[in-house]
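Take a look at the structure below.
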Amino acid sequence: MNFKQFWTKKTLVGLGLGQFLSLLITSTGFSSSELAKRGINAPTSQSFLNYVLLTVVYGSVMLYRRQALKAKWYYYVVLGLVDVEANYLVVKAYQYTSITSVMLLDCWSIPSVMLLTYIFLKTKYRFRKVAGVIVCVAGLVLVVFSDVHAGDRSGGSNPRKGDLLVIAGATLYAISNVSEEFLVKNADRVELMSFLGLFGAIISAIQISIVERKELKSIHWTAGAAFPFFGFSLAMFLFYSFVPVLLKMTGATMLNLSLLTSDMWAVVIRIFAYHEKVDWMYFLAFFAVTVGLIIYSGGDKDDDQNQADLADEGAERSKRSDEEAGFNNFNRATMAGSSKTGDSSRHDLTTSFGGREIIENKNVGKDLDGKKS
């Protein structure tokens, strides 16, 4: 593979959009951190406003179109439930385990997505794709070792419970991403966002009334609390809006690989915004993840060209088969017509000879009668 096949338009757009989504996730992380510093712990309430925005914006577009549903409505109910609980479990895990353990969420979601897409979407991964995933995961492992080396790892109040929440949340994220990839490729993006927002808002409202009602009453709303709260919702709205675009373009695996760099962008913000010192392994990890993304997404034009060539080859074979079948049918029809013509000629010839034989027999009879007389 040459250099030009890597830097296709699809590759560049996919990489750029993936990093934009990664920055959005980074901003939601800092918003949640700021809310936690102020004693606000309401993860479902933070996501609720995002689901409401999705319903209002994309629901209005869907009502304007007045199109029939392309997927069953209960698919969106299940997807909404999975998405809401995935967000809740991951945020909840921070209360019980260390941030380093939560970072492993990214590693767990990637093989989960690849397995689900292979089973249900029949996605086949070439060696180049697998190599890109391995390089990205290796980069994230460097981040983990960096935290251990720097002494930032804290056990948490209940690490086992926190780790189980992380694994459960990662699995639900994988299911959600693969389901969205299937729906965005087989249904409609606006329909997906509308119903995900609608059922996500309904499920979140029910969960808030049960779990976070007391927490919301105890919040003292100020400008410092409202800004990160609404900033989180806006960032999540943009994230949810652009995720289907990347899913349709490159798939769920590329999405999860791109989100690996969110930890790296957080380090950059820590350096320049908060003037904190970080371990040198972070920079090596950032480089490894970037290289892995390029390896995974590179050569899409070559893959598309191969698929197009295979399609053309199949069409050419089908065309040749049709032509051969038509030629054979024509030969059969010609042979059948020749056979009928031959039979008719033989019949006419026999009839002609038979008539001449009868006439000659009659003439011979006449001559015999004349001699007798």
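The backbone N, Cα and C atoms fix where each Cβ goes, glycine too.
Sequence annotations record features per position, and here TrEMBL assigns compositional bias 'Basic and acidic residues' to 314-323.
What TrEMBL records for 328-342 is compositional bias 'Polar residues'.
The region 'Disordered' feature in TrEMBL is assigned to 305-357.
Annotation source TrEMBL lists transmembrane segment at 48-64 (among others).
According to TrEMBL, the transmembrane segment annotation covers 73-90 (among others). Listed by sequence, the residues of this chain that lie at least six past the ends of the transmembrane segment (73-90) yet keep a Cβ under 8 A from its Cβ atoms are 43-44, 47, 51, 102, 105, 165-166, 168-170, 172-173, 175-176, 179-180, 183, 192, 195-196, 198-200, 202-204, 207.
As annotated by TrEMBL, transmembrane segment applies to 96-121 (among others).
Taken from TrEMBL, the feature transmembrane segment applies to 130-150 (among others).
Feature annotation from TrEMBL assigns transmembrane segment to 192-211 (among others). Long-range contacts of the transmembrane segment (192-211) within the same chain, counting only residues at least 6 positions beyond its ends with a Cβ under 8 Å from a Cβ of the stretch, are 42, 44-45, 47-48, 50-59, 61-62, 73, 76-77, 79-81, 83-84, 88, 180, 183-184, 240-241, 244.
Sequence annotations record features per position, and here TrEMBL assigns transmembrane segment to 223-243 (among others). With a threshold of 8 Å between CB atoms, the same-chain residues lying at least 6 positions outside the transmembrane segment (223-243) that come near it are 17, 20-21, 24-25, 27-28, 30-32, 34-35, 38, 40, 46-47, 49-50, 53-54, 57, 177, 180, 193, 196-197, 255.
For 255-273 (among others), the entry in TrEMBL reads transmembrane segment. Long-range contacts of the transmembrane segment (255-273) within its own chain (CB-CB distance under 8 A, at least 6 residues past either end) are made by residues 15, 17-19, 21-23, 25-26, 29-30, 103, 106, 109-110, 113, 132-133, 136, 139-140, 143, 173-174, 177, 243, 246-247, 282, 285-286, 289-290, 292-293, 296.
Per TrEMBL, the feature transmembrane segment maps to 280-299 (among others).
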